[in-house]
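According to Swiss-Prot, the feature domain 'UmuC' maps to 3-188. According to Swiss-Prot, the Mg(2+) binding site annotation covers Asp7, Asp105. Summarising the annotation, Swiss-Prot assigns site 'Substrate discrimination' to Phe12. The active site annotation in Swiss-Prot covers Glu106.
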Amino acid sequence: MIVIFVDFDYFFAQVEEVLNPQYKGKPLVVCVYSGRTKTSGAVATANYEARKLGVKAGMPIIKAMQIAPSAIYVPMRKPIYEAFSNRIMNLLNKHADKIEVASIDEAYLDVTNKVEGNFENGIELARKIKQEILEKEKITVTVGVAPNKILAKIIADKSKPNGLGVIRPTEVQDFLNELDIDEIPGIGSVLARRLNELGIQKLRDILSKNYNELEKITGKAKALYLLKLAQNKYSEPVENKSKIPHGRYLTLPYNTRDVKVILPYLKKAINEAYNKVNGIPMRITVIAIMEDLDILSKGKKFKHGISIDNAYKVAEDLLRELLVRDKRRNVRRIGVKLDNIIINKTNLSDFFDI
């Protein structure tokens, strides 16, 4: 397998730089404002100039302004970023056998057949992709090329920004042997510290530890994931799906618990959510915003996806379960969220259109 992982560099801030060239080279911070005060809210992302000053994603805006008072602060404009993402994802799709959209600014491409199994041709394709995105959208991306998804992401992370990282099949074992445990996707800082305490500093240390002890710390799924990666047996395929959820929420005419009143709005939310996707969701979640603005949710996963016709009945059942769980409060808003979309790749452009 030949996988190309594409990561759009500091995406939201970079789009703002493209649309506002005067921002280029200056500290730029994209913010999500809460609206309570002029400085309330959090940092969504920052360009590298702002990061050098200590600004980080998730940081309160007021703190960012204290450490980087001269930076440019702009509000997040998600529809614009989505439009850029859609165009880039469609471009990527043209170069892939399969495309798995991991987020608004990340995607995995299986290009094995496209390059006829020739790894060096895969590297050349990655270069072509970088250049094409730059020419058409003025956006730099970092790309990783490797024999599997995880390695492609890791080498891309090591190559930021605007880089091209490569792990050839002959280099995989040496790379795995020297890989720090905290560099592995899915291993957060807290879990990494616990693994360090067990004597696991490098991925290779997994092979010399008691598997049952590892499982107690990480859980079954993650222990198996780490073991397969350490043994160089990780082979999860790239799938034609999107991990970007699609949702729709509607305000009821009045606060109520009456299912007959809520259902038409829930059905409308389902219709509008399904209209956003070109494919079949594997998970559906009903979300109820209560009269006191508390949020309740209940979801269900389907191995082979769920059609819109079946979604109506499933959503009604989930709604009734929520109302049984909360027997007192009225519902103010009702919504539905669709996750893990199995993409209809033959018409992928419809999936990404806003």
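Cβ coordinates come from backbone N, Cα and C, glycine included.
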What does DSSP say about Phe12 (site 'Substrate discrimination'): helix, strand or coil?
helix
Between 0 and 100, where does the mean pLDDT of the domain 'UmuC' (3-188) sit?
94
Taking 10 A as the limit, how many CB atoms besides its own sit near the CB of the residue listed as 'active site'?
18
Measuring Cα to Cα, tell me the gap between Phe12 (site 'Substrate discrimination') and Asp105 (Mg(2+) binding site) in whole angstrom.
9
Measuring Cα to Cα, how many Å separate Asp7 (Mg(2+) binding site) from the residue listed as 'active site'?
5
For Asp105 (Mg(2+) binding site), the three-state class that DSSP assigns:
coil
Helix, strand or coil: which one is Asp7 (Mg(2+) binding site) in, per DSSP?
strand
My understanding is the cutoff is Cβ-Cβ under 8 Å with a sequence separation of 6 or more in the same chain; which residues meet that for Asp105 (Mg(2+) binding site)?
Asp7, Phe8, Phe11, Ser85
Please work out the number of neighbouring Cβ atoms within 10 Å of the Cβ of Asp7 (Mg(2+) binding site), leaving out its own Cβ.
23
